[in-house]
Structures are given as C-alpha cells and as structure tokens.
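Visitor: Shown below is the structure under consideration.
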Amino acid sequence: MAEFTVPEVDYTRYSNYQLVVIPLIILAVALLIIASWYVLTGSPVTQGIAFTGGTEITVETDGATTTQIVEAFSVEPESVQAVPTANTYIVTFQSNGNSGVAVTDLTRQAEQAGFEVQSAYEVSPSFGATTQTLALGGVGVAFLGMSVLVFLMFRVFVPSIAVVVSAFSDIAISVALMNVLGIELSLGTVAALLMIIGYSVDSDILLNNHVLRRSGDFYESTYRAMRTGVTMTLTSIIAMSVMAAVATAFGIQLLAAIGTVLVFGLIADLMNTYLLNLSLLRWYKFKGVAR
C-alpha cells in the first residue's frame, strides 16, 4: 500500500531573505496584473453577468460556426463559449451591450436561426449591482473578521500580521490568475475565494500554534505542523484538480472555475505558509523576541 510522507525541509540552509523574496516577488506581480486590469477595464477582475447584469443562453446547433451564431442575434454577444457536448454553445450578452433586448427576443432569434435553446436566463443590472455589493462585502467582512480573530488569538503583532499577509497574498494571486486564465468573477468564484481564506488561515494558524505554543525547538515544531498542513492542502489540491477536470470534460463551467481557482489558491497557500509566514515567524522567534 502506497504511503505519503512529507519530506523534512532543512530550513537552516536558507536565510529569511531567501525564503521571503520569492513570495513577495510573486505577490508584486499579482498586484501589478490586478492594477493593470483595473486601468484597462475599470475593474480589478472581469465580472460575470451575475454582477454586471445580462443574459446567458445555451444553444445546441446543427454544426453552426461561431460567426453564424453571432450573426443570428440582433445584438453582438459578449462571448460565445463552446461546451464539450457536441455542437453546444453558451452565448453571453452583457447588459451594457444588450440595448434593451429581452431574453424572450434573444430566445426567439436563436430559434429562428434553427438553434435549439436548452436554457436561458436574465439578470437585471440593478440586481447584479446589489449582488456584487453583497458578495464583495461578504469577502471583505470575512477577511476583516479573520484578521481580528488572529490578533485576538496570538496577541503579538508579527505572528498575527504574518497570517494576514499570507491570506491576502493567496487572494491576490488567485484573482490575478483569474484574469490571466479568463475566469470571470461570479458567485461561485467568490465562494472559492472565501474557501481560500479559510484554507489559508487554517494552515497558517496551525503553523503559528505549533511554533509559538507547543514544546520543541523551532524546526521540530515546523515539521510537525508541515506534516499535517501539507498533507491536508495536497489532498485538497488533488480533490479540486479532479473536480475541475471532470467538470471541464462535462462542460460544467461553474464547477470548473471553482476548482481551478481553488487549485491555484491552495498552491499559493503552500508557498505563502511555508516560505513567507515561516520566515516572519523565524525572524520573530530568533530576533524579534530578543529585542
């Protein structure tokens, strides 16, 4: 029977600077991508119709091309995405380009073009704006609540700020990769970002608790925390990778997006927990306390 063992890393070979520089460079690149996206589009991440308002229609065609699908409608779609199911496409119309065309009119135009409409739904811009406020507000409240809880738990600045910075970096990297991979912000991906906050805090608090409150020297405590934390995170990465692959194969875009965001967020969490957070903890234990 196969057995997985987390290898012990010899952190004494690396200075704090060597550990922290890679996560900080990647965080800087992620923030640059987000800032550039905001300058170019007016939003730090591409938003789906759940937040902007619009119409989404799933049609099955008789071998029509993307150009023919676009020409079938009186307004130009925002996107036409092929689904792995044969000759099935998801046609999206953003509210700002919809020009007041109702979902019933778009459905009728699709049927007149000989397409079979499998599903169609519409989100009004006002409802989308309200949903956006609630969803992003929820992320903000979750992050703020996490920060307060961490400071109450440890009551020491450096270990607490290490957890908060690591969680922030996980979110920033995930959002930047959403832009790069063309994943829209939706209620599903907002849920994925909330889960990333949870995973990040879990692994960071596990490390901090072992180092600050358990017996044993720094490196022994670190390895004990890594055995649990790395195993937990790798298991989640494998599970989310399988979910994303299966969802992609069956054309379930929402689950594919959630799985992809979680996979990259958890990979970022491994880096930030055991490089960024650990380097700050080691500085605190060996230099900060001495001061």
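Glycine is no exception: its Cβ is also placed from the backbone N, Cα and C atoms.
As listed in Swiss-Prot for this protein:
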TRANSMEM  19-39  transmembrane segment
TRANSMEM  134-154  transmembrane segment
TRANSMEM  156-176  transmembrane segment
TRANSMEM  187-209  transmembrane segment
TRANSMEM  226-246  transmembrane segment
TRANSMEM  256-278  transmembrane segment
Visitor: Are there residues at least six beyond either end of the transmembrane segment (256-278) with Cβ under 8 Å to its Cβ atoms? List them, or say none.
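Guide: Contacts of the transmembrane segment (256-278) (Cβ under 8 Å, skipping residues fewer than 6 from its ends): 9, 11, 19-20, 22-24, 26, 162-163, 165-166, 169-171, 173-174, 177-178, 181, 183-184, 186, 188-189, 191-193, 195-196, 199-200, 203-204, 207-208, 222, 226, 229-230, 233-234, 236-237, 240-241, 243-245, 247-248.
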Visitor: At least three Cβ pairs under 8 Å linking the transmembrane segment (19-39) and the transmembrane segment (156-176), pairs spaced 6 or more in sequence?
Guide: yes
